[in-house]
Amino acid sequence: MKKIMAVNAGSSSLKFQLLEMPSENMITSGIVERIGMSKSVFSIKVNGEKIEETLDIANHGDAVNLLLNKLIEHDIISSFDEIAGVGHRVVHGGDKISESVVIDEALIQYLEEIIDLAPLHLGPNLTGIKAFKEILPNVKHVGVFDTAFHQTMPEESFLYAVPYDWYTKYKVRKYGFHGTSHKFITQRYAEMMNKDIHDVNIVIAHIGNGASICAVKNGQSIDTSMGFTPLEGIPMGTRSGNIDPAVVEYMASVKHKPVKEIINQLNKKSGYLGLSDLSSDSRDLVSASKEGNHQAALAINVQAKRIADYIASYHNYVGGAEAIIFTAGIGENAKETRENIGSRLAAFGVEIDDKRNNCRGVEQLISTDHSKIKVYVIPTNEEVMIARDTLALL
Ligand code: ADP
């Protein structure tokens, strides 16, 4: 039995889960929020109960120290040595990282070199890694990358039709994200079906606040909807997904705003939130649309249409998907949205079963016995995937 910590460091937050491996039981989880601001919040689950404290935490180093000492205080570990490994979620691995790796100085240097590919997230990821490495110098630290699973995409999928030197000189290409989740689902599906992973041909719809579709052929990602950044693809909670890039220059000019501000609106004020003028949260939109709110229904339908478009296209690209998998917050919980998307795939013989679809957060077949493509809900678990990869590298 080994205790492995899965960590996700953001600019002002640090999420963690401690897992017992290989059983994959979660021992505890928690989050440090508002790091570097006043009234930071530390919360942790002890025996299933959430304990929350407000205090001042100046930086990520202090946050790591605090959370490790709290594990001792709450009798979850008796010394830091009990932690066998730390798996760090890293948003971007550029085009050199195609699997999880042990974090050494060379890797840190490489990540610093590619920081411009994801400055808002990679910087904080690195800060978290350095803080943990300093406090736990004798423990193995492993980087688990959101982009890694998609490194198997062929050139025809990852290249944009732009001047070729944008790719060769500036690394402009599709990278894809949510790879840890898509990999988890691919493995889990193979396990559920008792199949060799190399025989898995599926389309995965990871629909949460962030959302992406992935085409999996022979167990590998061959295309995905997110691109150079997570902004590409389907509309999300606050992201627009695909638009004509000429809109950016046009809106910058009519609003007298810098391009950066327009891109910020596409990331933070669009998608569900932008179209509905109401909320980025699917629950709010589902209930408002039931009460007849046109814009809420529109936001859901615009997203559902685009998701169905991607699924249709990827079904073809993988050579005929044997299954479509819904996962993440909306995919696992919003039966109305699953039904909405499923009904748009009727031309492929997809048939959602009302009774089976009436489920939340559980593994479940939701298509009818006649459905030409099987449709499943499979809850994702990125932390378990991080812990598995970390354990494998210890
Ligand atoms: P992320 O990890 O990208 O922040 P999540 O995967 O947690 O996002 O998904 C968040 C989304 O899941 C929200 O839009 C939320 O409303 C939706 N969601 C969670 N539970 C339900 C539910 N019971 N019904 C409908 N939507 C839900």
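Backbone N, Cα and C atoms are what each Cβ position is placed from, and that goes for glycine too.
The Mg(2+) binding site annotation in TrEMBL covers N8, E382. Sequence-distant contacts of N8 (Mg(2+) binding site), defined as residues of its own chain at least six apart whose C-beta falls under 8 angstroms from its C-beta, comprise L14, K15, F16, H88, R89, G128.
Taking the Cβ of E332 (ATP binding site) as reference, residues of its chain lying under 8 Å away and at least six apart in sequence are, in sequence order, F326, R360, G361, V377, P379, T380. Annotation note: E332 (ATP binding site) sits in a helical segment as assigned by DSSP. The ATP binding site annotation in TrEMBL covers K15, H206, I207, G208, N209, G210, D281, S282, R283, G329, I330, G331, E332, N333.
The annotation substrate binding site is assigned in TrEMBL to R89.
Within 10 Å of the C-beta atom of D146 (active site, proton donor/acceptor) sit 26 other C-beta atoms, taking all shown protein chains into account. According to TrEMBL, the active site, proton donor/acceptor annotation covers D146.
Sequence annotations record features per position, and here TrEMBL assigns site 'Transition state stabilizer' to H178 (among others). A simple way to gauge crowding: the CB of H178 (site 'Transition state stabilizer') has 29 other CB atoms within 10 angstroms, across all the protein chains here.
DSSP assigns R239 (site 'Transition state stabilizer') to coil in the three-state reduction, placing it in neither a helix nor a strand. Less than 8 angstroms from the CB of R239 (site 'Transition state stabilizer') sit G210, P230, L231, L266, N267, S270, G271, each of them six or more residues away in the same chain. The feature site 'Transition state stabilizer' is assigned by TrEMBL to R239 (among others).
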Tertiary neighbours of I330 (ATP binding site) (same chain, Cβ under 8 Å, six or more apart): I207, G208, A211, S282, T337
DSSP three-state assignment (helix, strand or coil) for I207 (ATP binding site): strand
Where K15 (ATP binding site) sits in the secondary structure, as DSSP reduces it to three classes: strand
Nearest of the binding-site residues (D281, R283, E382) to H178 (site 'Transition state stabilizer') - Cα to Cα: E382
